[in-house]
Each structure stands twice: as structure tokens, then as C-alpha cells.
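**Q** Checked Swiss-Prot, it gives:
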BINDING   H83, H182  heme b b562 binding site
BINDING   H97, H196  heme b b566 binding site
BINDING   H201  ubiquinone binding site
TRANSMEM  33-53  transmembrane segment
TRANSMEM  77-98  transmembrane segment
TRANSMEM  113-133  transmembrane segment
TRANSMEM  178-198  transmembrane segment
TRANSMEM  226-246  transmembrane segment
TRANSMEM  288-308  transmembrane segment
TRANSMEM  320-340  transmembrane segment
TRANSMEM  347-367  transmembrane segment
Amino acid sequence: MTNIRKSHPLIKIINHSFIDLPAPSNISSWWNFGSLLGICLILQILTGLFLAMHYTSDTTTAFSSVTHICRDVNYGWIIRYLHANGASMFFICLFIHVGRGLYYGSYTFLETWNIGIILLFTVMATAFMGYVLPWGQMSFWGATVITNLLSAIPYIGTTLVEWIWGGFSVDKATLTRFFAFHFILPFIITALVVVHLLFLHETGSNNPSGIPSDMDKIPFHPYYTIKDILGLLLLILLLLTLVLFSPDLLGDPDNYTPANPLSTPPHIKPEWYFLFAYAILRSIPNKLGGVLALILSILILALIPTLHMSKQRSMMFRPLSQCVFWLLVADLLTLTWIGGQPVEHPYVIIGQLASILYFSLILIFMPLASTIENNLLKW
């Protein structure tokens, strides 16, 4: 009799995806982050569901409903902080996952890479709308500033912004629709993740050397299931340390003040994971130019397969490209720091230089380093 794992129509799909999946024998811990992202998504959906049971999406009661969750609901405080800091863990894993794809040339799987970019945009939209829901000062002003950027679109901008707001300012209608979208988007993300995996399993995983590994595969279970569990334990350790010792470390103190349209906070800034894009936005004095740079800072990922000039797939044996890659990482960290600073000297000029460097490294220096390395191979 055939094993039910291999014959049952539903279990068979799971078997081919997570159990009998042929995986390269040499993939490193940088390949753990895909599964960690899946865990983060499940955690966010579950904690979010329990929060939604007690949250009210009305401007008059939203702030106090979050306070009620933390004070009166059984273990509400831990659910709330797991959800808030879980988002930070999600983005840490996301950035490492994308960085891994860049470093090891995984972007040559075009469909998987492009679905990944769509996923990145969707997760960012979800996180932004989630940040608005507690209806604190930074929630309200963050929503006002970021949605207002759409008014830079010629001709239809102002109409579009008012359509998104559901009125002439960020108000009850905005909060209600943001809650609705924040609830539905994680399920759309889950569907996209399935498509992402479907395309990945068409080609099989990449590996650190970038060389096809068809002749050297091992089953996913038990080797990589055990390896993923280790990564998961470290993720849980980090998340629980954050939640139980310093839950507000990554938040903004202004968000503990209820939203007040008549009082602007001294420094409006988004959550830490958007600061790099926010710094790029602010570094351009023109509104439309800033918005375009903001979108392009992430959309540029779609150009990377086209900009791949190297004869080798991975950066494992390409020291020049490695230097450019780590410069890019350092530049993104600089942009993240600048995004959280006030708009004054010397932060403005540092932000502008870091923004120019960001686009230059991707568009000029990466292909240039690859071309030089190709020529060095001839010697």
C-alpha cells in the first residue's frame, strides 16, 4: 500500500513542498529566512486576529480600545506587543531574505523574484496601515503625511488623496478603511506566498556557489526541517526578549498621545523599517521627485536581473562585487539612521549623498564590478 503522505491529493502537495522536496546539500543559514518569514506571517495573522476581536476602528474609541487590550484583556498586552514587535521581526527577516537573494544571485529566478517584489510592496502597505490603527499622534500624522504624497501625482493627485481619505482630511472613514485593508491584506500576502513557493519549486533552490546542484540533492526533511527549527528558536528568543524586556524600544513615544489634528509632533517619522525609504524621499527638495525616488528605491529591485553582467551567478567568488554589496548594506544602514534624524545640517547633506550612493551602487558600480571581474577571468 502506498504511503498516505504520497497518495492523498492534499497531503501529497505538502509532501512535495516540505518533506520529500529535493534541496541542495550546501545551502547555508541565510536560506533559513524564507521559513522564518512564513512563521512571522502566521504569528502576525494569529495575534492580529485576537487583537481585532477587541479593537474598534472608530476615531473616538480606537486609542482607548488599544489601551483596553493592554490593561483589561487577558494577556492582551503580550498579544499587542507580539504583534507590534513581530512586524519588526518580519522586516528584519525580509531585508535579510532580499539581501541573500542579491548576494547569491537568486534573482535569476525571474518569476520568484518578481512575486517577491510584489510581496515586499504588499507587506509594506500592510505595515503602514497597521501603524495607523492605534490612532496615536504618530499614527495620525504619519497617515496624513504619507497619503498626502499621492497629491504630487499630476492632475489626479488631489482627487486621489481625498478618495483614499474618504473626506477632506484623515478621519473616521480613513481609519475604518485602513482597518479593513489591514485585515484582508495578510490573506492576500498568504496567497502570494503560495505563488512565490510554486515558482520556486519549479526551478528548485539556489545555493551559495550559484552552480546547479541537480546531481547533489538531499530531502528537505529531516535535514532542513531541523535546521529551520533552530532558526525559529533563535527568532522566538529575540522576539520574546524584545517583547518582555523592552516592548517599546522600536516604537515612538508620540504614539502614546491620542491623535490630535490641531497639534503637529516636532518630528514626524515612520517605523524604523521605512526610514531608509523616508530618507530617500526627504533628500529630494521636489515633492514629485521625492515620491518617484521613494517608489524607485524598492522598484529598482526589478531591474537587478537586467543589470546582472557577471559570468558567475553568486558573489561567493567575486570579491569586487562583495565590496559593492557590503557598501550597499552600510549605505542602507546610514539611510535608516538619517531617516530618524531632524531635517537640519549635517543630516540633510548626508541623506542626499547616501541616496545618490544607493542608486549609484546598484545602477553603476554593481554592473561595473561584474564587468571588471569578467575581464579578470581572462587573465
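Note that Cβ sites are derived from N, Cα and C of the backbone, with glycine treated the same way.
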**Q** Is it the case that the transmembrane segment (288-308) and the transmembrane segment (33-53) touch, counting contact as three or more CB pairs under 8 Å in which the residues of each pair are 6 or more positions apart?
**A** no
**Q** Which residue among the binding-site residues H97, H182, H196, H201 has the fewest other Cβ atoms within 10 Å of its Cβ, if you could check?
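**A** With the binding-site residues H97, H182, H196, H201, fewest surrounding Cβ atoms within 10 Å: H201.
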**Q** Pairs of Cβ atoms less than 8 Å apart decide it: which stretch in 77-98, 178-198, 226-246 has the most with the transmembrane segment (33-53)?
**A** 77-98
**Q** Can you see whether DSSP assigns H83 (heme b b562 binding site) to helix, strand or coil?
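**A** Where H83 (heme b b562 binding site) sits, the three-state DSSP reduction gives helix.
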**Q** Around H83 (heme b b562 binding site), how many other CB atoms lie within 10 A of its CB?
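**A** Total other Cβ atoms inside 10 Å, all chains included: 21.
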**Q** Any idea what DSSP makes of the residue listed as 'ubiquinone binding site', helix, strand or coil?
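**A** SS state of the residue listed as 'ubiquinone binding site' = helix.
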**Q** Can you check what DSSP calls H97 (heme b b566 binding site), collapsed to helix, strand or coil?
**A** helix
